[in-house]
Amino acid sequence: MLTVNHLAKSYDGEKKSLTDVSFSVRSGEVTVIIGPSGAGKTTILRSINQLIRDDEGEILFDQIDMRQLNRVQLRRARSHIGMIFQSYNLIEPLTAIENVLHGCLGTKSNFAGIFSIYNNREKEEALKLLQKVGLEEFAYQQCRNLSGGQKQRVGIARALMQHPKIILCDEPIASLDPKSTITVMDILRGLAVNDGISVLINLHQVDIAREYADHVIGINNGQVVFDDRTQALSDAAITGIYRKNANLEGSLVHES
Amino acid sequence: MNPNLQQVNHFFNKKRFRLSLILVILGLAYAGASLGLGFQTHSLLNIQDGIAWLIQNFIPNEASKGYWHEISQQLFRTFLVAVAATTCAAVGALFLAIIGAKTLTAAITVSWVIRGFSSLLRNIPIVAWAMILLFSFKQNDLTGFLALFFMTLGFLTRAFMETIEDFGTEKIQALQATGATYLQVIFQGLLPEIAVALMSWILYMIENNVRDATLVGLLTGTGIGFIFNLYFKSLRYGAAGLVVLSVILLVVTVELISNLIGRLLS
């Protein structure tokens with residue numbers, strides 16, 4: 001489904017933020033990337049849909065290298081990749097249903113997209129997705145009035161509107177309270193199990209990773225230091241993933 | 001004494017010393033400037049005579065009531081010029097700000113060119129704009145309109161650009177991630193988010209331009225500024241006073257309305 005080979009990235013041309021990262025993601029599974037802050041988790045995730053341009057490597061999504069695509073091709077490829085964010089990144093003055101409908105912008109003409117011209121099938125689907133995440137009664141609420149957990153569920157509905165083959169989740173629960181965390185993680189888990197969507201999640205919380213992941217990838221200092229099934233994630237392995245790197249002392253804060 | 005306390009005392013003493021130094025410098029600057037200009041500070045004590053004369057002559061009287069019709073007509077005209085110039089400039093400024101904002105621009109050089117252009121426009125004083133344009137466009141409303149337009153274009157481009165840059169790239173990226181095109185991101189993401197901020201800048205500029213339009217009219221020989229000049233020079237002080245009063249009334253009204261709209265929007 002998704003294979004990343006030898007990915008490397010440096011922001012300043014000197015210090016490498018990723019060095020030779022390789023892993024793959026299987027369909028219908030929850031794959032969690034864990035690792036200390038600044039290890040490169042966000043860079044990996046955003047390289048996949050090329051929000052961040054990496055320097056070297058290969059990102060095979062459905063056998064197509066995302067790095068080789070031109071603008072039109074990239075736009076089409078992105079429309080099959082859902083993404084949710086720590087800060088939700090909804091358009092706050094717009095209503096929930098408008099934000100969900102943004103998920104189909106990738107398939108629309110410029111004109112239709114600019115003037116919010118959606119067909120009935122799309123509108124029905126948006127309502128159905130809001131129902132699926134339990135927010136049908138909030139469809140016409142401005143997103144700025146929703147709680148964090150509700151916003152993230154709108155974010156998930158927006159991603160689902162894309163009919164994604166994979167959903168990338170960049171710290172989806174880092175700003176949420178424990179109860180919303182469980183709601184959001186349960187929904188994400190359900191997407192993998194029931195809908196066969198690959199779910200790739202960046203996380204800080206090891207206990208959540210253990211509970212929800214099928215497969216865990218540990219990243220430290222821009223390198224893959226663990227890549228195995230969740231059952232193999234021993235305490236020793238976790239200590240290894242979160243060990244401080246000598247030359248990063250101080251800048252590497254362990255957040256639990 | 002507690003060494004920590006000593007440190008705190010030392011800190012505050014240093015701060016007090018710095019403040020006193022600034023005050024002394026300001027005082028010296030004033031003394032220097034007065035000396036250079038031959039300005040006698042004690043003449044400020046006789047200021048009340050001038051003010052008394054002003055009040056006596058500029059209070060509108062029975063005779064100035066007859067001018068009310070002309071004044072209100074010109075006032076309305078000036079207001080329209082200010083609103084037209086601001087709204088036209090806002091459209092242009094939004095376009096420039098979107099292609100020039102660092103977070104959206106295609107090339108950083110485009111951003112610098114637009115930044116330079118807007119800075120040039122707004123750093124030429126409105127009076128200079130009016131005088132320059134007067135040569136090519138003569139004494140009419142268009143001259144005033146253009147002077148306000150150029151200055152406002154420069155100001156709003158910069159203000160809009162900063163609004164867009166403050167908005168950041170995260171939400172833009174979120175829409176790009178769905179496969180949205182550049183224009184779709186602008187219309188579906190950026191504009192809804194910044195609409196309220198843009199609106200309050202435009203309202204602020206309308207207020208400002210109503211004030212400036214008076215001054216510009218004085219130079220370009222149009223609108224309320226012109227009739228003020230006319231009454232003033234023909235010694236009809238009462239009528240001139242009425243003009244000033246009506247301008248104040250208009251500016252305050254515009255400000256109140258713009259506050260009201262601002263509250264309704266947010």
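Every residue gets a Cβ built from N, Cα and C, even glycine.
TrEMBL has this to say about the protein:
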- B:21-39: transmembrane segment (TRANSMEM)
- B:75-99: transmembrane segment (TRANSMEM)
- B:75-258: domain 'ABC transmembrane type-1' (DOMAIN)
- B:120-137: transmembrane segment (TRANSMEM)
- B:143-161: transmembrane segment (TRANSMEM)
- B:182-203: transmembrane segment (TRANSMEM)
- B:215-232: transmembrane segment (TRANSMEM)
- B:239-261: transmembrane segment (TRANSMEM)
Positions on the same chain near the transmembrane segment (B:75-99), where near means CB under 8 A and six or more residues out: 105-106, 110, 114, 117-118, 141, 144-146, 148-150, 152-153, 155-161, 163-164, 186, 190, 198, 201-202, 205-206, 209-210, 212-214, 217, 222-225, 246-247, 250, 254
Among B:120-137, B:143-161, B:182-203, stretch most in contact with the transmembrane segment (B:215-232) (C-beta, under 8 angstroms): B:120-137
Long-range environment of the transmembrane segment (B:143-161) - Cβ separation under 8 angstroms, sequence gap at least 6: 81-82, 84-86, 88-90, 92-94, 96-98, 100-101, 114-115, 117-124, 126, 129-130, 133-134, 137, 194, 198, 201-202, 205, 209, 212-213, 216-217, 220, 222-223
